[in-house]
Each structure stands twice: as structure tokens, then as C-alpha cells.
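Asks: Can you read through this structure? Questions will come right after.
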Amino acid sequence: MYVTFNEALDSSFGNLESPNHDFKVGDPNMVPTPPMDSDSAAISLAFLISLSITFAILMLILVVIAAYVTFCGDDESEYDEENALGTRTSGTLHSLFGKKHSGILLDSSFASPGGFDDEIVLQERELEELPKMSAYEVELYIRAKEFQMMSPPMVKDFGTYLDSDDQQFIKDRGIQSYFLLPSINDNIDEYGNFLPSFIVQDKLDIQFSKFNKSSSTVMNYPLPHNRKDAVYFEVKIFRHIQKSNSIFSIGLTTVPYPYFRVPGMAKYSIAYESTGKLRINNPFTASTLLPKLEEGDTVGFGYRYKTGTIFITHNGKKLMDVTQNIGIDLFIGIGAFNAAYTRTYTRDGLLEDPDNVSFREALSEGKDIEVAKDLQRVHDPHDDSDEMTSDEVELHVNLGQVGFVFIEANVKKYAFGSVYGQIGIPPAYNGTEIKKDTILQKGEELPPRYADTDNFFGSMKVKEGSSSRITAQTSKPLWSVGTYERISSNFDRENNVYHDSLETDDNNTDNNVNNNDENAGCNENSPLLEDDGNKRPENSNTPREVSDGAINKNPRNKSTKKRQRNRGKSSKKKNRSRK
């Protein structure tokens, strides 16, 4: 039982004043017990009230910050999405290519929703940039806008594009299941022949032809989830001459993507251009942030699953992390176009490009500017007399079927999957497995005995039917090759007559017999005519008598000869009797 300090003090003084108690001095080391507050409920209530007030103030501060970021983010519009050295750091570049809470990918026309009207800004940008383009560039820009209005891009969460059948096929076949889609553009000549803009070889090797004006292709399947930290692919520049009039782009896109537009120039696409420009949904002027690509270079793109980051490599060295918070299915995209049909990449456009400092310095100093011959002026692709052939470009895509130039991708296994999938490699047909088979080896030691016949299929005979007059006899002599070719055609047998063939018509035979009767006297004096008219060569036969390389003697010919001979003898006897 605890008592208060005042009660203890009154009790001690009372003991001193009482005569019935002796005075006792207490222990000097003894410390009096401090008083305790018995009202603990009041203290707990005050503590809870103060804690609630603190949390309320914190929540109010967070709400104010969220409202400010949401409705007062106009400063994002001042940032150039292509220039990482602008007013903001390169780490915030992902806000231009990020996605909303609903999973929709934002394009480069706006940075934060609700900040301003993106359509008005886009119209202002078009009024500024379109006059700087050629007629062909404006045509492609309008076609791309109409294409994506009619066929909106499929912006889906990562891993939701494929169905169960496609996923099983990829597991079975591995990298062998991936391929680039073929050319589907509308280039034809005056005769209607298809002129492909590019040719896909061995599924992953693409070659842009001389007929290419502006085209692109995508992979048949999106980036896979290989159960690693990231997925990665590389593109080897196998052929690209210096001062080429062809410009190509390598990157990632959504589908469907305009087949006549290179990656990076339409919505929901990012690309590394061969000129060194980095394009993110930008068909207008872009800044040069990357090295220019030459023949023999290797460009790589990687995607990290956890952070949604896209990074770019060049010749095995990582250059930069381009975007973050990407959570949609993306496809590999490759495209190329003829720069001679554009104003952006011809002489006038190159001089206006702020990144071409050397051109402006040379122009100010009065020096000659080295520009390719095809890029001196803008050409018209719709004019046959002004049409230019494109320089060929050949690119090879590596999904992991061979080693990467980027060492980290090899060590951490960033490939698209196994080369041959769960089915494995196909069997070898070079004979090494056959040599190990005991039964097949025994069969080689004891070859089968084939029948000794006239030909490979043995002795073949054709049975003679009721309406057939042909009997195959392989033992008889064959016709010559030339004669056999002439009589082997139905048309020749019915319409053409050769000097070494005989007429088999009965009417012709009767006519010959009548002529012999009328000219019997003449035949006696001219035996040559008699032989020619009455006797046939022994080795000559009609086409009807030849079949399957065999020669048949028609019994009708024998009877005809006998009648001719008998009539000849009778005519001779009559002449003698008259004499």
C-alpha cells in the first residue's frame, strides 16, 4: 500500500510528538520511496492524442506533396526528351517513356498527365518541324499517324502477349522459334513484279536491297522471360559502306508497327540510329547522343525485369540506361530508309542540324563540305527519272545462339533461351551414328543378292489384251534415239510424216496396189520402180508397231505383200498370153 509524501511526513511528526513512543534515529542509508501517480489512465490518453495529431500532420504533408507533383508538374515540359544533358539529369529520362498507373505507356508528346494539352503541343511541333522536311518525309509521317489510328499499338503488360501454345512452342524450340517477319511493302515495277525492300535469310539475318525506300520489320515474338536478371540481344553490322545513302535503326517497338517507318519514329518505339541519334517516339529532329555506327560494329539492347530498364551497348561496352519502369511487351525492330529522299539528311538538313558543328565551321571558313553525291539534294521517289537506288545494308541478329560481345551477357546468361529448346538438337546425318550400329554394320558385310535380270526392275512384259496389238519383247533390236523421239509424241504420230516412216493406212495400201496393176508393164521394164512400189524395207515399221522400245511385225503387211506379188505374177501371165 503506497501513501503520498504528505501523509508520510505527518505520520513521522506525529510519532515524534507522541509521549508513548521513544525517539529512534533511522538508518542514514535508507532512501525514502518516491511518490507515484495513481492516475495512469489520464497519462495514456494524453499520449494517444499527441500521437494522433502527429500522424495527422504527416498525412496532411504527404497529401500536399502528392497534389503538388500531380497538378503542378509543368516544369517537365521544358525538358528535351532526346537530350540527356538538358535542364534535368539523365536519370529522369524514364518519365518520358514510363507508364501510367493503368499500365498505359506514355509517348514523348507529354511528360505528366494533366499538365497541358498534348494535342496542342503536338500541333505546334508539327507546324515547326514539317516545313523542314521533304514531301516524302511528310507523306511517311501522315501515313504513320493514320496507321496507328486505324491499328492502335497493343500495349500489354510484360508476358501477357503470348498464349499457351506459343509459350510451349518457344520452350520446345528455343531460339530456333524466333525469326524476323518478311517484307510486306508495296514496291512493284511497271510489270507488277514484287521488288522486296529487304530479304530475311536464316531467320535472323536481314539484308536491305537496292529497292528499299523506307521499310522495317519486327520479330515474331516479344522479349522473353529467361528467368535471369535481364534479357539481351545484339546486332552485328555486317555490311554498310562509308558515305552510304542508307540509314538504318535498331531498337524495340510494339506491334503492330508501321512497316514503312523505321523504329524510333512512331509511337511506342525506341531505336539507335546509325547516325548516332537516339530516337524515342520522335519523328522530328533528334540529338546525337551515341557513337555513329560503321561496318563491323555491334549494337546491343538489354531489358532488366525488376526495374524495367532498357540499356544500350556498343562493341561490348555499356553506354547508358535509356529508360526505366517499362512493363510492357516489346519486340525487336530493325528498319532502314534511303536518305536521298529526305531533307533532314541531305545537304540543307545537315547544315541545319545543331549537332553538325564541323559543317557549320567549314561553311563559315569557306571550306568545301564533304557530302555524298547522292545527298547533295533531295530526290523524288515518285519520279522515275529522279529515282535513286539504295546502298545495301546487311545486319545479323544474335539472340544467344553464339557468344555475345558484351561479356556480362555471357557470364549472367542473358540469352533468349537455349539454342534448340527442350527437344534438343536434330540428329546428325554424317554417318557417325550409323557406324556404331551393329546391325547396320552386319548388313554392310553381307549385302543382299539381287536377281540377274536385263534391267534393274527385272524382265518386264506387257500382256496383250483383246484390243491390243503390242507385245513387249526386250530381246529385239531397239529404235534409234532420234526415231524414237519423233514417234514418242502423239502429235507427231498424228500430224507429222517423216521420210523414214511408212504409211499404214489401208486406203493408201489399196491405192498402191491399184497403181501396180495399171503400171504392170512399166514395172517389168523398170525393176527399180517395181521394188520401190511393191516392196517395203525389212527393217522399217510404222509408229503403231513400236512400243516400249520393242519392234513388232504387223501380219497385215505380210498379207499385203503376198497379194501384191500374186497380182504382179497374174498381170505378167496376161501380158504374155496377149502376145
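Residue numbers in this text run from 1 along the chain shown.
Just so it is clear, glycine is given a Cβ too, placed from its N, Cα and C backbone atoms.
Quick paste of what Swiss-Prot says about this protein:
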type	residues	note
TOPO_DOM	1-44	topological domain 'Cytoplasmic'
TRANSMEM	45-65	transmembrane segment
TOPO_DOM	66-579	topological domain 'Lumenal'
CARBOHYD	Asn212	N-linked glycosylation site
CARBOHYD	Asn356	N-linked glycosylation site
MOD_RES	Ser358	phosphoserine
CROSSLNK	Lys367	ubiquitin cross-link
CARBOHYD	Asn430	N-linked glycosylation site
REGION	499-579	region 'Disordered'
CARBOHYD	Asn507	N-linked glycosylation site
COMPBIAS	509-525	compositional bias 'Low complexity'
COMPBIAS	555-579	compositional bias 'Basic residues'
CARBOHYD	Asn557	N-linked glycosylation site
CARBOHYD	Asn575	N-linked glycosylation site
Asks: How many Å lie between the Cα of the residue listed as 'phosphoserine' and the Cα of Lys367 (ubiquitin cross-link)?
Replies: 11
Asks: What kind of secondary structure is Lys367 (ubiquitin cross-link) part of, going by DSSP in three states?
Replies: coil
Asks: Using a 10 Å radius around each Cβ and all protein chains in view, which of these recorded positions has the most neighbours: Asn212, Asn356, Ser358?
Replies: Asn212
Asks: How far is it from Asn212 (N-linked glycosylation site) to Asn356 (N-linked glycosylation site), counting Cα to Cα, in Å?
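Replies: Cα of Asn212 (N-linked glycosylation site) to Cα of Asn356 (N-linked glycosylation site) measures 26 Å after rounding.
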Asks: Rounded to a whole number, how many Å is the Cα of Asn356 (N-linked glycosylation site) away from the Cα of Lys367 (ubiquitin cross-link)?
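Replies: Lys367 (ubiquitin cross-link) has its Cα 15 Å from the Cα of Asn356 (N-linked glycosylation site).
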Asks: How many other Cβ atoms sit within 10 Å of the Cβ of Lys367 (ubiquitin cross-link)?
Replies: 11
Asks: Averaged across the topological domain 'Cytoplasmic' (1-44), what pLDDT does the model get? Just tell me the whole number, please.
Replies: 54
